[in-house]
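In TrEMBL this protein carries:
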type     : residues : note
COMPBIAS : 10-24    : compositional bias 'Low complexity'
DOMAIN   : 37-162   : domain 'MARVEL'
REGION   : 1-27     : region 'Disordered'
TRANSMEM : 47-64    : transmembrane segment
TRANSMEM : 70-91    : transmembrane segment
TRANSMEM : 103-131  : transmembrane segment
TRANSMEM : 137-158  : transmembrane segment
Amino acid sequence: MMAETHTKSEVSTTTTTTSPTYASPQKSSGISLCLEYFKTGPGIVKLVELFLGILCMACAAPAWTKGTHWFLFVVVTAFVSTTLWCFIYLLNLKSAINLPIDWLLTELLNTAITTLLYLIAVIVQFCSIAGYAERNVAAGVFGVFNMITYAIGSFYLYRDWKDSHPHSSFSGSVLKRNP
């Protein structure tokens, strides 16, 4: 009889694991470069937010109306905060900094507030562009796209925050008295 032989290249095993959208980095003792985050959905969303923010700044500057001043303030503030979050993920600072911070909740609040500010800024930008160049219209349109991108990022963060906090601290009615 012939004996069956298999080489390692012929036999392969596949394992699938599910991980949260915001994959938690490996625990390390210090700062390390972590590029894997930017290959995930939320990492790509952050990069799109930065790209659209650059387009908004390029189209709206220089600001000739008060509405465009407000729009640029919101865009630049969002750009700076998103850049800081990108560096936090890039350098794996969440595990390097040993502070009692709920990082997901902090980022969720930041992104949700930024989404709301973008909504207000886009409305103000569209209301204040009468008689001005088409570039202000383009800035408003890119602002709408960036607002939608921030809303998607807020959805990812909310979903991951709810997954990491499955149980509420309340076990019944809030107004219930303790004996």
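Cβ coordinates are placed from backbone N, Cα and C, and glycine is handled just like the others.
Automatic, uncurated: that is what TrEMBL annotation is.
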Cβ contacts under 8 Å made by the transmembrane segment (137-158) with residues that lie 6+ beyond its boundaries: 21-22, 41-42, 45-46, 48-49, 52-53, 55-56, 59-60, 68, 71, 75, 78, 104, 107-108, 111-112, 114-115, 118-119, 121-122, 125-126, 129
Counts of helix, strand and coil residues, the domain 'MARVEL' (37-162), according to DSSP: 106 helix, 0 strand, 20 coil
Whole-number mean of pLDDT values that fall within the domain 'MARVEL' (37-162): 91
